[in-house]
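TrEMBL lists 23-43 with the feature transmembrane segment. Per TrEMBL, region 'Disordered' is recorded for 71-90. Per TrEMBL, repeat 'TPR' is recorded for 190-223.
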Amino acid sequence: MVLEENKDLAQKINDFLVQYRKIVLGILVCILVAVAGIIVWFVTAENSKKTSVTNVEKIIYELEDFKREDRAKNPASEDDGGENEKTVSEAVKEAEDKAIEELKTLGSKYSSSYAGFRANTVIAEIYFQRKMYEDALKFYELAAKAVKNSYVEGVASFNAAACADELGDKEKALAYYDRASKVENFPLIPRAIFNTGRLYEALSKKEDAILSYNKLLEKYPQNEWALLAKSRIIVLTGNDKQ
């Protein structure tokens, strides 16, 4: 009885497949095409990611290589601070300016990726070394936006805060240090928290400063920045029983 029922079921399935074979084949083809499309998309996206990073790193490598060659040709320029230094500096500056323009294009093209982070970070570093803090801040901000929710966002945010600090924009510096302090796995979290306390002090927000310092003591009691935070709490409260 069971055998007959199984035969009937098998016959029905076979009849269905024969009757609707074109539809079934069409569905299978659609599934295969969709799967193939997904695979191609992933492969293409991965290759594009590798290409974007390669393009950025090529520019960075060429710039650093030029600087190494320049130093090799002018070994005394780093020590004597003479006329030779000015010539080398101009040569390097031209190379940096060229790299900046190329990296700006790639930073814009890959604005939401690690490649964009690298491009904008290198631009920001060049501007920071030139003490062009406003420009450096702009590109550190772009670098942070390119890698949201990753630990390197903390790097860009921390550096953006340093630029704002140099510009005397305490509120913006505070915001970026606070942002950096909340990025998971960022290694400079204790220092970022301490800087929020320092800036609250500079803004005459004593209670907020104490809260920041206490937060640092609670989360990272053995860190050197926590020891500094403790000393600041003593100064602010006049209480050495911490």
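A Cβ is built for glycine as well, from the same backbone N, Cα and C atoms used for every other residue.
Curation plays no part in TrEMBL annotations; they are all automatic predictions.
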Confidence summary (mean pLDDT) of the repeat 'TPR' (190-223): 97
Secondary structure content of the repeat 'TPR' (190-223), with strand meaning DSSP E or B: 27 helix, 0 strand, 7 coil
